[in-house]
């Protein structure tokens, strides 16, 4: 492993805030120099061995005091030059101006074993000029959620930032979890998150909003050179190709979310990755009973802007915001509009691909989308678990004597189950008729469905149980969840409990059904 060689291309190329202080302020440059604030008693709670291997960390190094000191913000490896990035964003549809890394500090870039440079960030490492008066810390509950979900999403095959380590600080912070006037102390923690780039849509929106076209252009050209080196050309042609690829990646990302039932919860433009990664895990969730209007974010319960079924439309809207920010670099809007159309075409193609895979078809035709939507309607009206519905369908055969037995574990309400049984049986008859003309062999169909329909997803109630145990010093569930989520598509003997539907006690419990942005 040693010596680690850190790169700092972002700060080497882009302009720096001349003021070196933690004073909250408007910053006109791309980044500010800032060091992590030390913590009193750092303790390693968990790490990802896969991410560590990519970054060339030896297994022995991960449990050394030096590693814990560095990734708690108490020390630096040689070559690290910590900084916070400046950006803005649209939040819940409104432009809010400068935001920036309010509690995230980038340590630098490290060349991975796969030949890719990765940025390493500490989330919860203390205040920065962008903290807006906050303490820059993160609570243990939100840190566990980000750590686990980063790794779970990766193993589901969904583009995402990763997590190297989760470290308790030994300190507490005051948070009002539900924003209801009841602040309380909570343990704090720090996550080291890892990605090739943490640049987001809001990185470009901020200078554009200020009319700083020079900085906007410099940011665009830096991002293309570093993060899109396969693109060639110059000027508007290059910029157009770049924007089109961002649209493509974003469409693929959201299609993956919809495939597994993931709800991001806070799709603000400052939470949209320029690489098409899932980024900034806050009040996310997986839909249990199939409700397209469900949002896990308690802040969003009135408008439901970021509800499950709206995610493709929100992604398109966010790309429109990015297009408007980039418009000063183009002579007309045609290239940007072409990129937005690329999003639509890519998403529709991905939706068809995923519907075919989830239903076990060789290809997806228009009538198959109707069949897919009809199943979603059935799931909603019968209050069926999305994950378990598709999992059961993967084991179904038309000659089964009791056609609904495959879904015995998927129903949340027996009354609704009985009421909708005729509709479900009718749907299965239509499905059987479609299978009879599909060219896929039975074994290939089952395997195709197995790879598209996860058995294990990071349900909020599972995460909440791990959080409550960890707050009492018991890390057993945290480590068990991390292990289970490494193989989400496989049957795991002895881990059946992690594949069960949400228990009734978790239906309306805070942390299990609804979450806030408090972290």
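Heads up, the Cβ atoms here are built off N, Cα and C, so glycines get one too.
Listed features, source Swiss-Prot:
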- 270: active site, proton acceptor (ACT_SITE)
- 100, 102, 103, 123, 135, 136, 193, 200, 280: ATP binding site (BINDING)
- 271, 280: Mg(2+) binding site (BINDING)
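Overlay of Swiss-Prot feature records on the structure.
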{"residue": "100", "record": "ATP binding site", "contacts (Cβ under 8 Å, 6+ apart)": "27, 32, 84, 85, 86, 87, 128, 129, 130"}
{"residue": "103", "record": "ATP binding site", "contacts (Cβ under 8 Å, 6+ apart)": "123, 124, 125, 126, 127, 128, 131, 134, 135, 136, 137, 138"}
{"residue": "193", "record": "ATP binding site", "contacts (Cβ under 8 Å, 6+ apart)": "120, 121, 123, 146, 150, 161, 162, 163, 164"}
{"residue": "270", "record": "active site, proton acceptor", "contacts (Cβ under 8 Å, 6+ apart)": "87, 88, 89, 90, 91, 99, 200, 201, 202, 280"}
{"residue": "271", "record": "Mg(2+) binding site", "contacts (Cβ under 8 Å, 6+ apart)": "89, 200, 264, 279, 280, 282"}
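Neighbour counts of Cβ atoms within 10 Å were compared across the binding-site residues 135, 280; the minimum falls on 135.
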